[in-house]
Amino acid sequence: MDFLNELNPNQLEAATHVDGPMMVIAGAGSGKTKVLTYRIAYLMEKGVDPFNILALTFTNKAAREMKERIANVVGESEARNVTMGTFHSVFAKILRYHSDKIGYPNNFTIYDSQDSRSLLKSIIKEMGLDDKVYKPGLVHSRISSAKNNLISPQQYEANAEIVGEDRMSGKPKLFIIYKQYEARCFKAGAMDFDDLLFKTNVLLRDFPDVLNFYQHRFRYILVDEYQDTNYSQYLIVKKLAALYENICVVGDDAQSIYAFRGANIENILNFRKDYPDYKLYKLEQNYRSTKNIVDAANSIIAHNKDQIKKKVWTQNEDGNTIKVLRTLTDNEEGRVISNAIFEAKKAKGLDYKDFAILYRTNAQSRSFEEALRKLNLPYKIYGGLSFYQRKEIKDIISYYRLAANPKDEEALKRVINYPRRGIGNTSMEEVTAAANRYGVSIWEVISDFETYPVSMNTAAKKKMQAFATMITSFGIKLETTPAFDLAQEIAQSSGILKELYDDRSPEGVARYENIQELLAGIKEFTVSQEEGVLVSLSDFLIDVALLTDADNESEEDRNKVTLMTIHASKGLEFPYVYIVGLEENLFPSQMSLHSRTELEEERRLFYVALTRAETSCTLSYSMSRYKWGQATTSEPSRFIQEIDDKFLQHESPYASGPGKSLNNSGLSKRSVSSGEASSMGRTGKMTPLSTATKKTNPSSNATNAALKVGYNVQHERFGKGKVVKIEGADPDKKVTVFFPKHGQKVLLMRFAKLEILD
DNA sequence: GGAGCTTCAATTTTT
DNA sequence: TTGAAGCTCC
């Protein structure tokens, strides 16, 4: 077992623990995945049947990578028998197998968030409620958190506290929506993401023989990223492990970033209560990052109250200090960071893939994309609209879903009139109402107007029947035709392929190509499965619902600059990391400022971001940023000043001369010193007012210092005006100007592009 | 029933 | 700024 030589003593101890409960608290970059994979390999070398091992990961990607690594140690054929995947994908498959027990068809559909929201929208509309009050997104997250805490619609309704909260927030009918939603999903033979866990709990609770079977089957259980599990997941694991208690959980409380989605750090803390004789292993040596980065990260996380104390350390070299860049606008931020990447790549001979730009929200990617494109730096954006969420892909997959499960209401609504078949809203409202009246799915109505009469003109009925006939014909072929052949046939005879082919616009061509790519993907999927077995389209559907973009990485994407949200970056590492948009109300997010726990989650998120970096980390913030099309001013994130200053080096790329750096005192007062205006004043290098102010640069306002009451000024938008008043200290210095055409305005000196006319 | 126009709202993170 | 939803006109 040579592979064990690669482990340090702590890692070795953890990896060779065989029986009994164990927990590994693993600091960032401490070789957690290595321990997990080697422990699995070790178990197998010790004679444990891979069929008896269940390893649950947070993403498909993590599962796939771990599987590869295990295969490298014990060989492909052994490795493939380990059950490894995300909670959602592993239990979706188990649920399919036992679906009849809980009243679902075995071809049940998995609704993604879009489907859930669309269904909720219909329900809210049908109930005659105001969707401004009952926002589908918010309603969904409320229902989702109920499900993650295993609260059924009945329990929800009976829970005075919960119903009280809804009443207080002006949504007293929420429990009815939940009930309806549940009923509609059931009628459609559909489960949403949360159901996959909820129903697994139901299955294991109500069918002791099933529970017993899986308890024996999964004699060894490993859970990665345990800090991100929710109550529902926790209970599944607990039940499955109850017999043998060979349970191994790995996590890091400092990297818990999914509490907003129901993840429960308590699961880590409660582990010792559930398994009093558990063994605890701590991995604290970081192998990933320089000393500076590790220590800076430590200094950040120290600000959190809720944490398990540990001391992450490293033997790596000190490395460079962390650069903090201040820019004037978000576009400049994009340019400066892209330039920095360009230069570093050239100077150090690095690959594109060595760089990552991490941000809080997907919307921030824009300015970086533009700048990278201008420099011809290839990049890849993760997240955002994934391939599988694109309209044309969802459309065609809706046909596949209908072939497998025609009761799938969301798929039906999506494509019954796409391509156009003359089935409009009026007819759809008619059949939806009828379906609700008869208590069946829309499909049952349109495929059997005899049993479910609807008052509708015959033409409309005919069109619907024709659609139903087509779907039925697809369904018949489902289990007899190979996935790829049927997929192609459906693409053709549904008319989608033609529809897209006829659209010769660039977007249309791209959509057509996306469909081709999907078909190629299905082909590939068919090939990757075992030989001699017919791979049906429904097999593909099981996988596709739970796939994300990250699972779809193509070869040519390998060597590109990475752009992603910090959430998406968890578990990854890059030599050069740029964490951007470090501004109050953005990171930490505005939504998180109301409570300590939420703010601490943001801080953990920042911790995760920092610890992605191996050799170099750069932070940046901008003084103004476009938010819904409007420039807004912003101030630097509190997180910057929370880092011990000895690890930082401040820079403002646009300023010239020695006085450029943003000094610490300025920062710790949490205000931006208006850099250039004062420094220029001090050095006496004041440029002529008129030329300085004509620059497009909004705060190259060397003029500000010279501005006095009574001066005539020119404003870009308001035209000529006279200064009435000047107030406040430099960063927030305000100037009141009377404009004959627009009246009196109070302007922030930093951003008002005032030109002095006197 | 459908296309095209105007208006209006919304921006956190994702299996 | 973008996208969806509603409205008008054909």
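Positions of Cβ are set from backbone N, Cα and C atoms, glycine also.
The annotation ATP binding site is assigned in TrEMBL to A:A26, A:G27, A:A28, A:G29, A:S30, A:G31, A:K32, A:T33. TrEMBL lists A:661-681, A:688-703 with the feature compositional bias 'Polar residues'. The feature domain 'UvrD-like helicase ATP-binding' is assigned by TrEMBL to A:5-290. As annotated by TrEMBL, domain 'UvrD-like helicase C-terminal' applies to A:291-571. Per TrEMBL, the feature region 'Disordered' maps to A:650-703.
The ATP site is set by A:A26, A:G27, A:A28, A:G29, A:S30, A:G31, A:K32, A:T33; from the centre of their CB atoms, other residues of the chain with a CB within 8 Å are A:D252, A:L283, A:N286, A:Y287, A:R288. Cβ-based crowding with a 10 Å cutoff singles out A:S30 as the top-ranked of the binding-site residues A:S30, A:T33. When Cβ atoms from all protein chains are considered, those within 10 Å of A:G31 (ATP binding site) total 22, not counting its own.
DSSP gives A:T33 (ATP binding site) a helix state. Counting every protein chain shown, 26 other Cβ atoms lie within 10 Å of the Cβ of A:G27 (ATP binding site). A:A26 (ATP binding site) is surrounded by 29 other CB atoms, counting those within 10 A of its CB over all protein chains shown. Just so you know, the Cβ of A:K32 (ATP binding site) picks up 23 other Cβ atoms within 10 Å once every protein chain is counted. Its Cβ placed at the centre, A:A28 (ATP binding site) has 25 other Cβ atoms within 10 Å. Non-local contacts of A:G29 (ATP binding site) by the CB criterion (under 8 A, 6+ apart in sequence, same chain) comprise A:N286, A:Y287, A:R288, A:S289, A:V294, A:E573, A:T611.
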